[in-house]
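Please read the structure below before turning to the comments.
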Amino acid sequence: MRCIGISNRDFVEGVSGGSWVDIVLEHGSCVTTMAKNKPTLDFELIKTEAKQPATLRKYCIEAKLTNTTTDSRCPTQGEPTLNEEQDKRFVCKHSMVDRGWGNGCGLFGKGGIVTCAMFTCKKNMEGKIVQPENLEYTVVITPHSGEEHAVGNDTGKHGKEVKITPQSSITEAELTGYGTVTMECSPRTGLDFNEMVLLQMEDKAWLVHRQWFLDLPLPWLPGADTQGSNWIQKETLVTFKNPHAKKQDVVVLGSQEGAMHTALTGATEIQMSSGNLLFTGHLKCRLRMDKLQLKGMSYSMCTGKFKIVKEIAETQHGTIVIRVQYEGDGSPCKIPFEIMDLEKRHVLGRLITVNPIVTEKDSPVNIEAEPPFGDSYIIIGVEPGQLKLDWFKKGSSIGQMFETTMRGAKRMAILGDTAWDFGSLGGVFTSIGKALHQVFGAIYGAAFSGVSWTMKILIGVIITWIGMNSRSTSLSVSLVLVGIVTLYLGVMVQADSGCVVSWKNKELKCGSGIFVTDNVHTWTEQYKFQPESPSKLASAIQKAHEEGICGIRSVTRLENLMWKQITSELNHILSENEVKLTIMTGDIKGIMQVGKRSLRPQPTELRYSWKTWGKAKMLSTELHNQTFLIDGPETAECPNTNRAWNSLEVEDYGFGVFTTNIWLRLREKQDVFCDSKLMSAAIKDNRAVHADMGYWIESALNDTWKIEKASFIEVKSCHWPKSHTLWSNGVLESEMVIPKNFAGPVSQHNNRPGYYTQTAGPWHLGKLEMDFDFCEGTTVVVTEDCGNRGPSLRTTTASGKLITEWCCRSCTLPPLRYRGEDGCWYGMEIRPLKEKEENLVSSLVTAGHGQIDNFSLGILGMALFLEEMLRTRVGTKHAILLVAVSFVTLITGNMSFRDLGRVMVMVGATMTDDIGMGVTYLALLAAFRVRPTFAAGLLLRKLTSKELMMTTIGIVLLSQSSIPETILELTDALALGMMVLKMVRNMEKYQLAVTIMAILCVPNAVILQNAWKVSCTILAVVSVSPLLLTSSQQKADWIPLALTIKGLNPTAIFLTTLSRTSKKRAGVLWDVPSPPPVGKAELEDGAYRIKQKGILGYSQIGAGVYKEGTFHTMWHVTRGAVLMHKGKRIEPSWADVKKDLISYGGGWKLEGEWKEGEEVQVLALEPGKNPRAVQTKPGLFRTNTGTIGAVSLDFSPGTSGSPIVDKKGKVVGLYGNGVVTRSGAYVSAIAQTEKSIEDNPEIEDDIFRKRRLTIMDLHPGAGKTKRYLPAIVREAIKRGLRTLILAPTRVVAAEMEEALRGLPIRYQTPAIRAEHTGREIVDLMCHATFTMRLLSPIRVPNYNLIIMDEAHFTDPASIAARGYISTRVEMGEAAGIFMTATPPGSRDPFPQSNAPIMDEEREIPERSWNSGHEWVTDFKGKTVWFVPSIKTGNDIAACLRKNGKRVIQLSRKTFDSEYVKTRTNDWDFVVTTDISEMGANFKAERVIDPRRCMKPVILTDGEERVILAGPMPVTHSSAAQRRGRIGRNPRNENDQYIYMGEPLENDEDCAHWKEAKMLLDNINTPEGIIPSIFEPEREKVDAIDGEYRLRGEARKTFVDLMRRGDLPVWLAYKVAAEGINYADRRWCFDGTRNNQILEENVEVEIWTKEGERKKLKPRWLDARIYSDPLALKEFKEFAAGRK
């Protein structure tokens, strides 16, 4: 039981039935392994030492000088000399001084002087080299025996000490009584000793980089030197002062020890003991457990009594240790031990000490176990003397999970690549225990500050990913975990970014931790280079041009693309700064050539204004005669030697909407190496890969490593960096198949026996595949008499003839071949057998030899594959929104451009897909380690929004500024994350501000500093003001406000929904719980208290009302949490944060409404008191949506949600959402909303079948648009049916949009502004739009389902649309649904309604009146008055206004613009023509309907013309629709319908029917059939099909006249049929005398386009064009040619 006392401890569970498990041991930590039917063992690595390291070099850090001697000479007397100059121990210096008569010389001039001093070293330091084979590891193994002294002890009786060295890596340890355990260890120091030196100074040692050590500017001796006196570079510690005539002072610098200590800051310090160095190595061991056995498996259970010897002790690992003593008989025996929940129904927790046994009576035994969170009983022994101990464990499984994940991730980051052994990669996948131990291993104590941004992303990704994908097998989860974290370690080439190899797609992907994979080979589409700052780049180019650099050579294809994209922008910047220079970018062909110069970053940037930015996007600049050439062919004016090359390096990765952006910056210093940030190298099993954005070089192990194949998208000329090269020691450059100067890695993997470096391969092709196989149709033989190596040759000649026979001297088969776009080429060793080489196409390339370099870093950037990580795509809508939000944050200066990319990643990429189901698993994950789980079969249920929080925690981790220490610190950040999530999905105006605020506050989410607090608070207050604001936070705190400022604790509510029950069932990965099913709670109607479990037990947080199966309360009380009642749950189903209301288990059912002036009672359920009823008369709150009642009563916090009832006992609202007045009193609003109709009506399956035409005749107000339509559309989308929805007017279309919001629909009407992705399968438009589309030549999609709302509309376009739809349905091409309360043929003018309507017949005035008709104006409520024509309407409206009424007038022409005004409350009358029959919703209490209308009728006696006949009675269906404008609100019980006269079905003579036929005859169906009118309407018209068909131009004119000219159908038809074209308006003036149009009894004259003044008398007369002033005005404009 050694591990119990060690804080850093991991538990590894072996896979059941497995005979081995992998563990990683490290210093200061302890590993406990558990496997089925095996003893629990503790392993600890107690030391790693290096024996006798060899010395590499000694440095002197403190010296002294003795025996100083000087000699000097006068001018012309030669050089002075001293004997000491020959002695290696002396340091000497010659110099010249001025001499003359004053100091003993005859001549004036320079004379020589020499000074020597003896150099002895007082203090030195040594650099030593450690050989990995000299390391020795000591491990202690102890079984959990439970004996008295076992805890934290390792005496010989209990423990075995095992020494492990690289020479003997397999060791066996005999554990007395438990069998033997075999350990196969591969020691890893985690250090590359080839590159590291141990610097030893007195009794301290540091690990330093070898090159740094060798470059130290100090005197040194080689390690082999034994005398220790002949120091090299002595002068580095000695200073000679300026010489005087005969003397020169020499001084020694002080001790360099302090300087060395400063320089070594940050280097790893190494402990020493007795000349041996102690390391912090890791040991990766595989334990073979097959020879282990549990002690005492055959013993029987103990039946006697136990007593507790010592209090239960809690360890720091969440486990407990119990010490018991057996007082019964029958030892040795097994101890019965279990942990139960409080009801003693379920066994929870787990035993760490497997099979605890008593060996002898009265000797104490230690048992270690892991109880669940919360309360539990620990039961030891059997009845009668059973011990029952109550235990409470702090914390929560979710908190635990985050802690563990974070620790796992931290630890992965530290363990580095030592954790993975690529030789036996299979091991990782087969022993899942190991992967878990690695990633989720418990605490890693090392100080681990400053976790990089990427790391946070990764932790977030791990969590989020598991949340999204746990449906897959446990295997893939562990794989991905391993993958991500390793990815972070091995591939993070530089700090925050890295690349990963995808084996499947043979490609490398780069980014900062969130990898977006897409199975596209082409980098060009996924990645985009961008300069860090165009203006900096332009300034560097300007400077380079001044220095004589004439151009640039790109290193890679992507760089060339980047130059092409930004050329215009750079030119604009140059011209804004008046630099007379034009940049021109050319293409690249073949090899990417090398330039010899480089661009250097300049301290100043050029000016770059918004205007220029805008211009650069649109216009091109003028050309100057000085040019700067980028790529393109080499020219004499600009040779490669004078071009800059390799001057850019990757600075960061960011995510665009569709591509990964790679930001480039200028390099400080130039070299020949490729940029390593876009590279990776990896080994897996027997394959090795070197890859970057254009290369994929694959080698395989087949006895020896050989290069197998390589793909090149480009051939570049930089050198492959060593840091990304596998196995680079001992490489002969002449044997590297891919030449070093074409970026061939200097690696043993880059060779193939029998082939030498391919300096003259066909690299000029640029894009080629290299592998080992025969070119098609050729043979290769190995023979001595073959030609020598030469440039590669193509197997086809220039004329296309195939050369079939080839040979080589000593190559290996299959031969090396290249496949390019022009055919197949062989390697340089392979020559033609018979053909002369001159006749063949040979390679144009010769690659020179660089320097041979046989030594390299052994750093291996490892990569595990990480496929489909996050499969989301940002939709354009969200992208635009994000840009807006981010832009504001940028302007306010709270964010830099680099952060911007990160915010994009955080909010955009991870959230745009509805996160949906997968998240549940996250919550389950928490339950994996410890049993309590969600109280429902979550996997089968749909989620509630609160549970989404789990993912949010994962996502918020991304934005954290430091990894939070405790889970509670996460909560503010969590709330913000939650808001951002919500905002991006559905935005309202007030939310935008809150979101911006949230993003602004994120960087300091953990500790909001005061300044932040203030700015966030102000912002919050401004953005929250739309409804009610409270300053007493307890009663109603606006969630964003409260969470931002106070950091309330939303997780707390959530945690109460975790219950503690679960069945035990072992799973592969963690123990996956199977939760017992939980039913839906059933409550009786009444008021309830809502309690929350806190640290001190339950406390009341509010109240609520249960009615008709729905529970109602305030949103701020529960914030959407799931409620529990007697172990069953109720889930939220509707909420409105603005009104602060939420309902559970159904829509809002409280229907009482407070009437102004009535008294009410508040039934106050205060915490800790009995309910009491307080009667009061409410005041008024005025808000921008109207007035609401205000109750001035102040109860204690926790009363929110108490019901307010009226005299009839109906609940009129809830208490608790209000404001504090100036005097400090609290005033609550009566919070109430409309009763909701259950919104998922049953929908028959067969309405979606083709050939099926359904008529839904629901009464007005039954919810066709609000309830049935969304349900039908959702089902249609689910079935993938191409659907069309038709609305009669734009207004109804806009109402539909409200009901259908959130569904993917393309709105084809200007009334609705919405974003479209192009993937929607549902279209929505107006009846007339659809008919016009059918008439025009555009192809109308083949809709599978067409839904027509208000299908009683008798406009010609609507009738025609019905005809077309019914024809499509009859042909079996589609299904149709006609929604109307009054389908054609219905005869009931008084249909059913939601609320009772008082119908009353009385005399209704038909024109203005002076007296009488008081009932019209005395009515208190709002009235809708139907009038037969616009003229009558104007008359009546004027009369009503005279009587002081506020009137809104509606007609077909004004409907779209005026209808909006009826939404406000400031009107008394709406005066409307029959257009309002089409689904217009007025919140009115009365309809006045004279049941009269004007009808257009075609007169055929004499000259054919259209008159407006009437007023005449309306049809039954019109009457029913008019009456249906009221009676819609179930709460209004006294709506009135005032009518006059009876309706009449006599509309056959109406012009609309014939006009509809004119339209139908001109509609094309794909099958060429002319559609006929819908059957029930057919007898209204007697025309023959096709009678009105127009040909070619005439039809186009017909459509134009209706669409652009706004003419009635009949008139348009007459004009078009005559063959007149659209622009010709002469027909408006050449009619007969009778057709003269009058306005107020005056003949109308107008000015034509030609400037003549003519009388308006059209050739065909249609009364509709002059029946009212507006229509006439429009026709005059038409006739004048202005349309």
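Keep in mind that glycine also has a Cβ here, set from the backbone N, Cα and C atoms.
Sequence annotations record features per position, and here Swiss-Prot assigns disulfide bond to Cys3-Cys30, Cys60-Cys121, Cys74-Cys105, Cys92-Cys116, Cys185-Cys285, Cys302-Cys333, Cys499-Cys510, Cys550-Cys638, Cys674-Cys718, Cys775-Cys824, Cys786-Cys808, Cys807-Cys811 based on similarity to another entry. The domain 'Helicase ATP-binding' annotation in Swiss-Prot covers 1245-1401 and is backed by sequence analysis. Per Swiss-Prot, the feature domain 'Helicase C-terminal' maps to 1411-1582; the stated evidence is sequence analysis. The site 'Involved in NS3 ATPase and RTPase activities' annotation in Swiss-Prot covers Arg1522, Arg1525, and the record cites similarity to another entry as its basis. The topological domain 'Cytoplasmic' annotation in Swiss-Prot covers 467-472, 941-946, 1059-1683.
Mapped onto this structure are the features recorded in Swiss-Prot.
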residue: Cys3; record: disulfide bond; Cβ within 10 Å: 28
residue: Cys60; record: disulfide bond; Cβ within 10 Å: 24
residue: Cys74; record: disulfide bond; Cβ within 10 Å: 19
residue: Cys92; record: disulfide bond; Cβ within 10 Å: 20
residue: Cys105; record: disulfide bond; Cβ within 10 Å: 19
residue: Cys121; record: disulfide bond; Cβ within 10 Å: 19
residue: Cys185; record: disulfide bond; Cβ within 10 Å: 23
residue: Cys302; record: disulfide bond; Cβ within 10 Å: 25
residue: Cys786; record: disulfide bond; Cβ within 10 Å: 19
residue: Cys824; record: disulfide bond; Cβ within 10 Å: 20
Where does Cys92 (disulfide bond) sit in DSSP terms: helix, strand, or coil? strand
Given the recorded positions Cys116, Cys185, Arg1525, state which is nearest to Cys550 (disulfide bond) when distance is taken between Cα atoms. Cys116
Is it possible to get the count of other C-beta atoms within 10 angstroms of the C-beta of Cys638 (disulfide bond)? 19
How many neighbouring Cβ atoms, not counting its own, are there within 10 Å of the Cβ of Cys807 (disulfide bond)? 21
Taking just the CA atoms, what is the gap between Cys333 (disulfide bond) and Cys285 (disulfide bond) in Å? 34
If I take the Cα of Arg1525 (site 'Involved in NS3 ATPase and RTPase activities') as reference, which of the disulfide-bonded residues Cys105, Cys285, Cys786 has the closest Cα? Cys285
For Cys30 (disulfide bond), which of the recorded positions Cys92, Cys638, Cys775, Cys811, Arg1522 has the nearest Cα in space? Cys811
In angstrom units, rounded to an integer, how far apart are the Cα atoms of Cys60 (disulfide bond) and Cys285 (disulfide bond)? 42
Over all shown protein chains, what is the count of other CB atoms within 10 A of the CB belonging to Arg1525 (site 'Involved in NS3 ATPase and RTPase activities')? 25
Highest Cβ count within 10 Å among the disulfide-bonded residues Cys116, Cys808: which residue is it? Cys808
Please identify, among the recorded positions Cys121, Cys718, Cys786, Arg1522, the one with the smallest Cα-Cα distance to Cys811 (disulfide bond). Cys786
Got a sec? Which of these disulfide-bonded residues, Cys285, Cys333, Cys550, Cys674, Cys718, has the most Cβ atoms within 10 Å? Cys285
Work through the disulfide-bonded residues one by one (Cys105, Cys285, Cys718) and name whichever has its CA nearest to the CA of Cys808 (disulfide bond). Cys718
Within 10 Å of the Cβ of Cys30 (disulfide bond), how many other Cβ atoms can you find? Include all protein chains, please. 22
So of all those disulfide-bonded residues, Cys3, Cys92, Cys674, Cys786, which one's Cα sits nearest to Cys775 (disulfide bond)? Cys786
Which one is it: of the disulfide-bonded residues Cys3, Cys74, Cys116, Cys285, Cys674, whose Cα lies the shortest distance from the Cα of Cys807 (disulfide bond)? Cys674
Which residues does Arg1522 (site 'Involved in NS3 ATPase and RTPase activities') neighbour through Cβ under 8 Å, counting only same-chain ones at least six apart? Phe1426, Asp1474, Ser1476, Glu1477, Val1487, Asp1489, Arg1491, Val1514
When distances run from the Cα of Cys638 (disulfide bond) to each of the disulfide-bonded residues Cys105, Cys121, Cys185, Cys674, the nearest one: Cys674
How big is the gap, in Å, between the Cα of Cys121 (disulfide bond) and that of Cys786 (disulfide bond), rounded to a whole number? 66
At the level of the C-alpha atoms, what whole-angstrom distance separates Cys285 (disulfide bond) and Cys92 (disulfide bond)? 58
Taking just the CA atoms, what is the gap between Cys786 (disulfide bond) and Cys718 (disulfide bond) in Å? 34
Which three-state DSSP class does Arg1522 (site 'Involved in NS3 ATPase and RTPase activities') fall into? helix
Let me check the 10 A CB neighbour count of Cys811 (disulfide bond). How many other CB atoms are there? 24
